[in-house]
Amino acid sequence: MLGTGSWGTTFGKILADGGSHVTMWARRPELAAEISRSHRNSDYLPGVVLPANLTATANLQDALKGAQQVFIAVPSQSLRENLAAIRPHIEPTTIVVSLMKGVERGTGLRMSEVIAEGLGIDPSRIAVASGPNLALEIAREQPTAAVISSQSLETAQAVALLARNKYFRTFVNTDVIGTEFGGVLKNLIAVAIGIVDGVGYGENTKASIITRGLVEMTDFAVAQGAKAETLSGLAGLGDLIATCQSPLSRNNTAGRLLGQGYSFPAVVKQMQQTAEGLASVAPVLELARSIGVEMPIVEQVKQVLDGTLDPKDIAPHLTTDSDEPQGERTNDDAEAPGGGVVWRSVKRAFDQLRYGGRSAAGN
Ligand SMILES: NC(=O)C1=CN([C@@H]2O[C@H](COP(=O)(O)OP(=O)(O)OC[C@H]3O[C@@H](n4cnc5c(N)ncnc54)[C@H](OP(=O)(O)O)[C@@H]3O)[C@@H](O)[C@H]2O)C=CC1
Ligand SMILES: O=C(CO)COP(=O)(O)O
């Protein structure tokens, strides 16, 4: 496990509690020592005791030696520089798993694409994990589900088999694009939710943004090649709900500070952990414009970040270029891009809760 922040450490615990021997790489030797000797990571997971079969080192080569599967949980914008150091130590059959939820600034590449480029390995050896996975809740062993996705079903299954235990259940799919973009895009909607929360708006505003946000996420991801149903599964709707509802979410928290009137630089200064949404806004909008997808919520988040929109004026779900009443692009307008998707998403999520459906996509 490369990265000993809140998610890397929690995912290391998931794997260790599932029976694997886990070696973590921490860039700070003192944190590696604390994890190995005291079985704690007090910086990121206060109060959590880590399993004995999880140890840490600050030596990257030692961490990677003999690893069957390598998991990466560092901030997205630092991935490429880390891959250069990892590359010489990766063995030909090693599976590499991204736990990250961002896109690279400048290239707009998803994390699995950056890994394929940076390590020079075939996408069939790469998997991604995503879902409603707030680290601290899982570290406290609260029951949770996630999706493991790879172009190779065999690879996804190999990872899912190890990344499960009595409190963590993994589903598999082969829609890497939908799974990764679900995690990236829900962060942006969570920032919007935080902003309106900080301003003091209530549940109607938030529910409107979440619902329209899912349309925006689905339109964007489908235009990039994702399957619509992935966005209605754990990696889309599931994560959207968790992140928009929880004060544990760093994206939500960053948004709330913006809504309370802090400037973007002041928010970045206050955030002690990674809030990926802040870095993903610009590359996602560039991609959206290049494929002609409208993202009014993400556009307004960017305007708030840039200081060109007063947070209290944020009302992206009310934005329209036309004076004519528009059809709601959900179940009512099957012709429009993404039409019908949201209604089917909600129904599928409801069926999942009610009947415990077990589709391969984790829907
Ligand atoms: N936390 C969560 O609930 C979840 C997070 N994720 C995703 O996981 C990824 C990692 O997030 P998370 O663990 O939460 O982040 P944290 O901020 O908690 O931890 C970041 C980790 O990366 C290390 N790090 C920071 N900068 C660099 C760098 N330039 N090179 C190498 N290592 C670096 C930090 O080391 P140091 O301590 O020394 O600064 C720390 O170990 C993100 O993409 C996030 O979206 C996904 C699901 C859930
Ligand atoms: O991805 C997450 C939950 O699934 C964590 O969200 P934050 O990065 O906003 O804390």
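The backbone N, Cα and C atoms fix where each Cβ goes, glycine too.
Listed in TrEMBL for this protein:
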| type | residues | note |
| --- | --- | --- |
| ACT_SITE | K186 | active site, proton acceptor |
| BINDING | G3, T4, G5, S6, W7, G8, A135, R250 | NAD(+) binding site |
| BINDING | S6, W7, R27, R28, Y44, K101, A135, R250, E276 | NADPH binding site |
| BINDING | K101, R250, N251 | substrate binding site |
| BINDING | K101, G131, K186, D239, S249, R250, N251 | sn-glycerol 3-phosphate binding site |
| DOMAIN | 1-155 | domain 'Glycerol-3-phosphate dehydrogenase NAD-dependent N-terminal' |
| DOMAIN | 175-314 | domain 'Glycerol-3-phosphate dehydrogenase NAD-dependent C-terminal' |
| REGION | 309-340 | region 'Disordered' |
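Feature map: annotations from TrEMBL on the structure.
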residue : record                               : DSSP (3 states)
G3      : NAD(+) binding site                  : coil
G8      : NAD(+) binding site                  : helix
Y44     : NADPH binding site                   : coil
K186    : active site, proton acceptor         : helix
S249    : sn-glycerol 3-phosphate binding site : coil
E276    : NADPH binding site                   : helix
Substrate site, defined by K101, R250, N251: further same-chain residues with Cβ within 8 Å of the Cβ centre: N187, A190, T243, S249, N252, A254, T274, A275, E276, G277
Cβ under 6 Å from ligand 2: qualifying binding-site residues of T4, K101, S249: K101, S249
Where the C-beta lies under 6 angstroms from ligand 1, the matching binding-site residues among G8, K101, D239, E276: G8, K101, E276
E276 (NADPH binding site): nearby binding-site residues from G3, G5, D239, R250, Cα cut-off 10 Å: R250
Proximal but sequence-remote residues of the same chain as K101 (substrate binding site) (Cβ under 8 Å, at least 6 apart): S76, M111, S130, E180, G183, V184, K186, N187, E276
DSSP state at R27 (NADPH binding site), helix/strand/coil: coil
10 Å Cα neighbourhood of W7 (NAD(+) binding site): matching binding-site residues from Y44, D239, S249: Y44
Recorded positions (R27, K186, R250), the one with most neighbouring Cβ atoms at 10 Å: K186
Secondary-structure category, per DSSP, in which K101 (substrate binding site) falls: coil
Sparsest-packed of the listed binding-site residues (D239, E276) - C-beta count within 10 angstroms: E276
Residues satisfying Cβ distance under 8 Å from N251 (substrate binding site), sequence separation of at least 6: N187, L188, A190, V191, G194, T243, A275, E276, G277, L278
For R27 (NADPH binding site), the one of G5, G8, G131, A135, S249 that lies nearest, given that the binding-site residues are compared by Cα: G5
Shortest C-alpha distance to G3 (NAD(+) binding site) - which of the binding-site residues Y44, D239, S249: Y44
